[in-house]
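Novice: Pasting in a structure now, in C-alpha cells, and then I'll have a few things to ask.
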Amino acid sequence: MVGSGIPALGLLLLMQGSADGNGIQGFFYPWSCEGDVWDRESCGGQAAIENPNLCLRLRCCYRDGVCYHQRPDENMRRKHMWALGWTCGGLLFLITSICLFWWARRHDMLRLPWFLKGKCDLSRTVSLLSKDRTPSEKKTPSVGSIPPAAPTEGALDVSGGTEGEGTEGGEETEGGDEDD
C-alpha cells in the first residue's frame, strides 16, 4: 500500500513541477507575477522591455511595458502545503485502516459482540409494505359497514402500526357514525 502511494505522490509532484519548469522546487516554493506594483525588480534590461518575448523567455513577468522578476507566492505555497498535508494524511489513514482490518481479521475479531447478537435479525420483523398480506389485512372496513364478528387469527394486525391498520374493541375508523 505504501509502495503505491509514494510513487503516486511523486508522479503528482513531477507533473506539477514540469508544468512551470521549476521542477519539484516549484511545488514547495512557487513563484508568481502577482504582488505590489511598486515593489518590482527589473529583469533583462532595456532589450527585455522592448521585446516581451525575450522577457518571457527569461522567465520574467511582462506587464504594462515593464519586464520584472517573479516573486515567491506565499498564498500558492500555503495551498500546496495544505493539499500535500491532506493527501499524506488521507493516505496514512487509509493504510492504517487497511492494516487494522487485516490484523483484526487474522485474530478473528470481526464478529459482533455478544450484546449485539440477535438484535439485527431482520427476518422476524413484519413489513407494512409486504405483498404477502391477505386481502382482509390490506384494508380494514369501518365498523358500521359490516356486522361485528369474532376475529380470526389471520385477521389480527400485529405490526404495531399507528395509522389505522387495525381496530381495537369498539373503535371506529374513517367511516364516522353511520348508524343514523
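Glycine residues also receive a Cβ, built from the backbone N, Cα and C atoms like all the rest.
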Novice: Just choose from Cys61, Cys67, Cys88 the cysteine that Swiss-Prot connects to Cys33 via a disulfide.
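Specialist: Checking Swiss-Prot: disulfide partner of Cys33 resolves to Cys61.
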Novice: According to the record in Swiss-Prot, which candidate from Cys55, Cys60 pairs with Cys43 in a disulphide?
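Specialist: Of the candidates Cys55, Cys60, the one Swiss-Prot pairs with Cys43 is Cys60.
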Novice: Pick from Cys55, Cys88: the cysteine that Swiss-Prot pairs with Cys67 in a disulfide bond.
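Specialist: Among Cys55, Cys88, the cysteine that Swiss-Prot links to Cys67 by a disulfide bond is Cys55.
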